[in-house]
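Per Swiss-Prot, the features are as follows:
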{"type": "DOMAIN", "residues": "31-175", "note": "domain 'MARVEL'"}
{"type": "CARBOHYD", "residues": "132", "note": "N-linked glycosylation site"}
{"type": "TOPO_DOM", "residues": "1-34", "note": "topological domain 'Cytoplasmic'"}
{"type": "TOPO_DOM", "residues": "56-66", "note": "topological domain 'Lumenal'"}
{"type": "TOPO_DOM", "residues": "88-102", "note": "topological domain 'Cytoplasmic'"}
{"type": "TOPO_DOM", "residues": "124-149", "note": "topological domain 'Lumenal'"}
{"type": "TOPO_DOM", "residues": "171-176", "note": "topological domain 'Cytoplasmic'"}
{"type": "TRANSMEM", "residues": "35-55", "note": "transmembrane segment"}
{"type": "TRANSMEM", "residues": "67-87", "note": "transmembrane segment"}
{"type": "TRANSMEM", "residues": "103-123", "note": "transmembrane segment"}
{"type": "TRANSMEM", "residues": "150-170", "note": "transmembrane segment"}
């Protein structure tokens, strides 16, 4: 009892006062039945191929292709984490605006992947450039490295397009 004789009500439990998470995508395996889930799976597949192809070319131009490797590896793991959170149903337990987080993630990765695609295409276009380190003037990229970089450029474009489609879908969910 307080000095005035009236009892003070207990403070509200903070666990009950949080609003529910805002997410319109389904949690669990149902995420794979949506366009967004399919695009995330394609992002992981194509992004992994970009990572593997650039690494298998022995990264002849580390200044350009180092960024491509960083973006593809980082986006690959964050997309796996993103998909894993939806598959496990953790999005229903974490209070966040998942629609905004989905949009912000795909916007950021789209911008970075677009830059990585441009750098990979630029590295591939240097195939006919000759090195001045030898008297014979060997090309900067061997024919094998050139072919691998062409494939990496194509898959980087496809991955960028998938992130762009996911960005459009996320924008529709975030701002209906």
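For all residues, glycine too, the Cβ spot is worked out from N, Cα and C.
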* Asked: What stretch in 35-55, 67-87, 150-170 has the biggest tally of Cβ pairs under 8 Å against the transmembrane segment (103-123)?
  -> 150-170
* Looking only at the topological domain 'Cytoplasmic' (171-176), what are its DSSP counts of helix, strand and coil residues? -> 4 helix, 0 strand, 2 coil
* Structure fact -> Helix, strand and coil residue totals from DSSP for the topological domain 'Lumenal' (56-66) stand at 6 helix, 0 strand, 5 coil
* Of the residues in the topological domain 'Cytoplasmic' (88-102), how many are helix, strand and coil by DSSP? -> 9 helix, 1 strand, 5 coil
* **Other parts of the chain folded back onto the topological domain 'Lumenal' (56-66), taken as Cβ under 8 Å at six or more residues beyond its ends** => 119-120, 122-123, 126, 140-141, 145, 148-149, 152
* To do: For the topological domain 'Cytoplasmic' (171-176), find every same-chain residue at least 6 residues outside the stretch whose CB is under 8 Å from a CB in it, and list them.
  => 24-25, 99-100, 102-103
